[in-house]
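What follows is a set of notes on a single structure, which appears directly below.
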Amino acid sequence: MSYNLFLLAFVLGITGAFHYGLQVSIINSPAEYIQSFIRETWLKRYGSSPSAQMITLMWSFIVSIYSIGGLLGSSSAGYLSVRFGRKKAMLLANIPALLGAALMGLSRLCGSFEMIIAGRLFSGVCGGLAQNVHIMYAGECAPRKLRGLIAITASTSIAAGKFAGFALGLREVLGVEALWPILLAANAVPVLVQLLTLPFFPDSPRYLLIDQKDKEGCIKAVKQLWGDGDHVAEIDDMMSEQKAIRGEKAKSVWDLLRDRAVRWQLITLFLVVSCMQLIGTNVVYFYAYSIFTKAGIPPTQIHYVSLGVGTTEILSTVLCGFLIERAGRRTLLWKSYTVMALALGLLTVTLFLQDSFFWVPYCSVALVFIFIMSFGIGPGGVVCPLITEIFIQSYRPAAYVFNGVTNWIQLFILGLVFPFIVEGLGNFCFIIFLAYCLSMAIFVFLVLPETKGKTMLQVMEEFNRLNYRGKKGQAAPQQSNCSVVTVTRL
């Protein structure tokens, strides 16, 4: 295989999923400085200090507006990736990223906290668009035997982005009052790197052949990304998928919701992929500070332990990349969900008993790391290639739009509701997420077909057994062409 494929995965990650992870974590460190800036700016404008409730409201708006931008970006991912191609859509995502970085970086100089709000909105648009296009682009560029490994680089990029956000936010780096505007504008650097490097790579071979019907462009892209080896079987797979689609244009989200041919794919997408917020990672991160404090870690050192948590997530996603083509998607998912459910159950017990014995807080710390590792090895990594594998080309853009919109809406709603859940249930709030993880372990074990090493059409046939169960003699609309094999010589 050519190293160009792995270089492309790295370049995509620079602004793709990395941007999302960076923006999620980077906003926490300068919180007190931004709130102080809001207070000072308000005082200069209106001659009176704002109330504590007003500052809290402005700060909450700065944090949550990112989700609104992400929702807008995700909604446009399907149209832009079909209209302009995967590569151009990825390049277009850099425009709101640069605009957002400029607004946030110049906000203090201009004396406007509204610029931070606008900058976060534009950054969210980039995050929603780039993350979806990144995973789609990477999955479509990879050959069958490396599809899982290449797609998982998106998950690794998210974890690396979170780690970079925590690291840049340290007081020894940019986490001081004089440098917080530079900290917020730091994402401009990877954006510029991608703008300079991505134009040298080809568009997705599947997009070129199936959507653009550019066979020569597809073969050229395959040779550039995969090398000069014999790739006839992969080209045949793409040709068969093109034949099965029968020239149909990309489907809309409404088509995805009402078409019986993709009913169980949609159920899988919603339950396993789109409901990632219900796994409980945000809850564990929320409780991590108090857990580490109870274990005797000084508050000044908590940030460094958080870096350890971030490193664990990165290493676990890398480990998932090595395991996914051996163990398979289905096995990694149901086993990881089971371990996560057990970890959440035990964490509920240890938090309830943390003042009873001196060693209980250390058990809680260990359970946090076990949960994060299980998340990275399982759903955190596996869901990246899953969307590409369970949907054929005509439905794939709509599936990514549905997934992105659902994820961002859940992130926004959970951000609003979560404080009330914690206030009402306390440590027992983990029970909600435990129940979800356990339900997903059962669903994946009993329902989800294995996609490892299978063509898109083979996976579609597996789902057709679920979509048309009990309908003997009835085939999926595309299935009549699934057996077509086109002989292609490079």
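From the backbone N, Cα and C atoms, a Cβ is placed for every residue, glycine too.
Annotated domain 'Major facilitator superfamily (MFS) profile' per TrEMBL: 9-452, in sequence order. Taken as a whole, the domain 'Major facilitator superfamily (MFS) profile' (9-452) shows an average pLDDT of 90 in this prediction.
Annotation comment: TrEMBL describes 1-17 as signal peptide. For the signal peptide (1-17), the list of distant contacts is 90, 93-94, 97, 126, 130-131, 133-135, 137-138, 141-143, 146, 150, 153-158, 160-161, 190-191, 193-194, 197-198, 201, 224-227, 229: same-chain residues at least six beyond its ends, Cβ to Cβ under 8 Å.
TrEMBL lists 57-82 (among others) with the feature transmembrane segment.
Long-range contacts of the transmembrane segment (89-109) within the same chain, counting only residues at least 6 positions beyond its ends with a Cβ under 8 Å from a Cβ of the stretch, are 12, 15-16, 19, 37, 69, 73, 77, 80-81, 83, 115-116, 118-123, 125-126, 129-130, 133-134, 137, 180-182, 184-188, 191-192, 194-195, 198-199. Annotation source TrEMBL lists transmembrane segment at 89-109 (among others).
With a threshold of 8 Å between CB atoms, the same-chain residues lying at least 6 positions outside the transmembrane segment (115-137) that come near it are 12-13, 15-17, 19-20, 23, 27, 34, 58, 61-63, 65-77, 80-81, 86-87, 89-90, 92-97, 99-107, 151, 154, 157-158, 184, 187, 204, 384, 387-388, 396-397, 400-401, 403-404, 408. Sequence annotations record features per position, and here TrEMBL assigns transmembrane segment to 115-137 (among others).
Counting same-chain residues at least six beyond the ends of the transmembrane segment (149-170), those with a Cβ under 8 angstroms from any Cβ of the stretch are 5-6, 9-10, 12-14, 16-30, 131, 134-135, 138-139, 141-142, 183, 186, 303-304, 306-307, 310-311, 313-314, 316-318, 320-322, 324-325, 376, 380-385, 388. Here TrEMBL flags 149-170 (among others) as transmembrane segment.
Look at TrEMBL and you will find 182-201 (among others) tagged as transmembrane segment.
Annotated transmembrane segment per TrEMBL: 266-289 (among others), in sequence order.
The transmembrane segment annotation in TrEMBL covers 301-324 (among others).
Sequence annotations record features per position, and here TrEMBL assigns transmembrane segment to 336-353 (among others).
Look at TrEMBL and you will find 359-388 (among others) tagged as transmembrane segment. Beyond the ends of the transmembrane segment (359-388), by six or more residues, the same chain brings 135-136, 138-140, 147-148, 150-156, 158-159, 268-269, 272-273, 276, 279-281, 284, 287-288, 291-292, 294-296, 309, 312-317, 319-321, 323-324, 329, 332-333, 335-337, 339-340, 343-344, 346-347, 350-351, 353, 396, 399-400, 403, 440, 451 to within a C-beta distance below 8 angstroms of the stretch.
Non-local neighbours of the transmembrane segment (400-422) in the same chain are 63-64, 67-68, 70-71, 73-75, 77-78, 81, 128, 131-133, 135-136, 253, 256-257, 266, 269-270, 273-278, 282-283, 286, 387, 429, 432; each lies 6+ residues outside the stretch with a CB under 8 Å from one of its CB atoms. Feature annotation from TrEMBL assigns transmembrane segment to 400-422 (among others).
Annotation comment: TrEMBL describes 428-448 (among others) as transmembrane segment. Among residues of the same chain six or more beyond the transmembrane segment (428-448), those with a C-beta under 8 A of the stretch's C-beta atoms are 264, 268, 271-272, 275, 278-280, 283, 329-330, 333-335, 337-338, 340-341, 344-345, 347-348, 351, 379, 421-422, 466.
By the Cβ criterion (distance under 8 Å, sequence gap of 6 or more), the transmembrane segment (266-289) is counted as touching the transmembrane segment (336-353), at least 3 such pairs being found. Residues 20, 23, 27, 31, 34-35, 38, 50, 88-89, 92-93, 96, 113, 116-117, 120-133, 136-137, 207, 211, 250, 253, 397-398, 400-401, 403-405, 407-409, 411-412, 415-416 of the same chain lie 6+ residues outside the transmembrane segment (57-82) yet bring a C-beta within less than 8 angstroms of a C-beta in it. Residues 4, 7-8, 11-12, 14-15, 18-19, 22-23, 26-27, 29-30, 87, 90-91, 94, 97-98, 100-102, 104-105, 107, 116, 119, 123, 168-169, 174-175, 224-225 of the same chain lie 6+ residues outside the transmembrane segment (182-201) yet bring a C-beta within less than 8 angstroms of a C-beta in it.
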